[in-house]
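Quick look at what Swiss-Prot lists:
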- 50, 51, 52, 53, 54, 90, 225, 226, 227, 229, 231, 241, 242: ATP 1 binding site (BINDING)
- 54: Mg(2+) 1 binding site (BINDING)
- 291-297, 332, 452, 458-460, 462, 464, 466: ATP 2 binding site (BINDING)
- 296, 319: Mg(2+) 2 binding site (BINDING)
- 1-248: domain 'KaiC 1' (DOMAIN)
- 262-522: domain 'KaiC 2' (DOMAIN)
- 432: phosphoserine (MOD_RES)
- 433: phosphothreonine (MOD_RES)
């Protein structure tokens with residue numbers, strides 16, 4: 001039975017006339033567009049070279065045929081049909097089979113390599129008739145046109161070309177097909193399109209970008225307008241995977257995940273006690289501190305505890321190799337290789353610079369969907385933050401934490417700070433508000449010797465120890481000791497010894513402020 005390709009997105013206001021939308025089945029796009037693109041209208045997809053415009057159009061047609069049995073016509077003004085078919089195969093889209101089945105027709109309007117002379121006034125009448133004939137013959141519901149910029153480049157009379165393309169879009173709208181038309185733009189944040197195409201194809205405009213941010217390129221998609229209907233505003237990151245375009249609709253995420261009162265162990269008994277019995281099952285934990293403070297050790301204990309209980313776990317490592325991680329863990333009595341052999345642990349080591357943040361996010365989501373772990377660890381977030389903007393990094397963290405919570409997974413992430421001693425920002429990009437629990441590790445100098453300190457800086461929904469405790473690292477792992485009772489100013493990096501007499505004096509001052517006498521306290 002044929003599936004409905006119409007959007008199920010509805011508005012609550014009964015007085016408004018709703019614009020019917022058609023689903024694209026492009027991952028994430030139907031979320032940010034509130035149900036797809038308007039039925040029977042033309043949508044302009046604009047972007048610089050290499051941003052994914054042609055792929056968007058082909059993916060729209062392919063999914064329409066495969067999922068909804070909507071025949072389609074694709075008009076190409078640039079690439080040859082042979083190249084289009086071959087390129088689509090790399091994504092598993094067998095366009096030739098669809099053509100053989102009579103579901104797809106590719107109309108070749110690409111320029112003649114030998115060139116051509118125009119006698120008389122230029123018009124697209126013959127092409128418009130060919131397109132209309134193909135639509136009628138194949139009973140097409142969807143049309144893709146790639147790209148109208150090529151027409152302007154072939155002919156000098158831009159005003160005449162604009163007029164003819166307006167005729168084409170008007171005819172397509174009259175026929176009632178839903179069209180995706182691509183065009184090029186000069187700059188990522190300049191005019192919407194070259195030659196003023198958006199002036200006559202103005203019902204719907206989508207902009208795709210491939211911007212160099214810092215040291216890496218970042219792909220984003222923005223719906224500039226969908227006339228007569230709602231959509232989400234702003235740019236949304238996307239990547240191109242083996243399955244095509246994959247948009248991450250971070251703004252479409254809803255805080256509707258369930259919250260569990262169940263607890264999971266950190267793998268360190270004293271730390272569990274400091275956290276009121278362990279971490280909440282579906283919480284996100286961030287451990288932050290300078291290099292060498294023991295962050296990866298806590299990650300190892302966290303993963304070991306999961307595997308001891310027969311649960312699966314994934315470690316996404318961006319700073320150390322698998323061999324180095326396994327060696328270090330083994331020195332603390334943790335056998336990562338044995339856990340992997342049992343199928344309980346999966347370690348993925350990647351250089352942060354090997355891909356963009358969107359690609360890393362897609363890999364994390366894919367691995368979670370395939371392996372189905374109950375716990376994940378990322379070591380470290382700060383490595384992924386190198387060379388990218390704060391906004392891009394924050395969106396990445398939101399994507400990871402949102403997906404982990406959706407899947408009810410406990411996440412344990414590390415962050416390396418630049419300061420060895422003293423107070424510091426937990427994270428420069430302010431991601432601390434996204435996490436549920438924050439563990440702060442730091443170095444402290446006490447009586448001329450270097451020590452380590454740990455404290456539970458924050459824990460949502462639970463009592464936790466407020467003390468700053470000393471801890472050391474032995475061959476058995478972390479050993480958390482008592483709090484630094486006789487010192488103050490540890491977090492600021494200037495610990496000062498407080499004598500018992502001074503502590504009594506401070507206590508009396510507090511009592512006087514509260515209006516209490518010694519007799520009242522007895």
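These residue numbers are counts, starting from 1, taken along the chain as shown.
Cβ coordinates are placed from backbone N, Cα and C, and glycine is handled just like the others.
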Residue 297 (ATP 2 binding site): tally of other CB atoms within 10 A of its CB: 21
Where residue 432 (phosphoserine) falls in three-state DSSP terms: helix
Spatial separation of residue 319 (Mg(2+) 2 binding site) from residue 291 (ATP 2 binding site) - C-alpha basis, Å: 12
DSSP-derived class (H/G/I helix, E/B strand, else coil) of residue 462 (ATP 2 binding site): coil
Cβ neighbours of residue 293 (ATP 2 binding site) where a neighbour is any other Cβ within 10 Å: 24
Longest CA-CA distance among 50, 51, 52, 53, 54, 90, 225, 226, 227, 229, 231, 241, 242, per record bound to ATP 1, angstrom: 35
Whole-number mean of pLDDT values that fall within the domain 'KaiC 1' (1-248): 87
Among 50, 225, 432, 433, which are recorded as recorded positions, the nearest neighbour of residue 297 (ATP 2 binding site) by Cα: 432
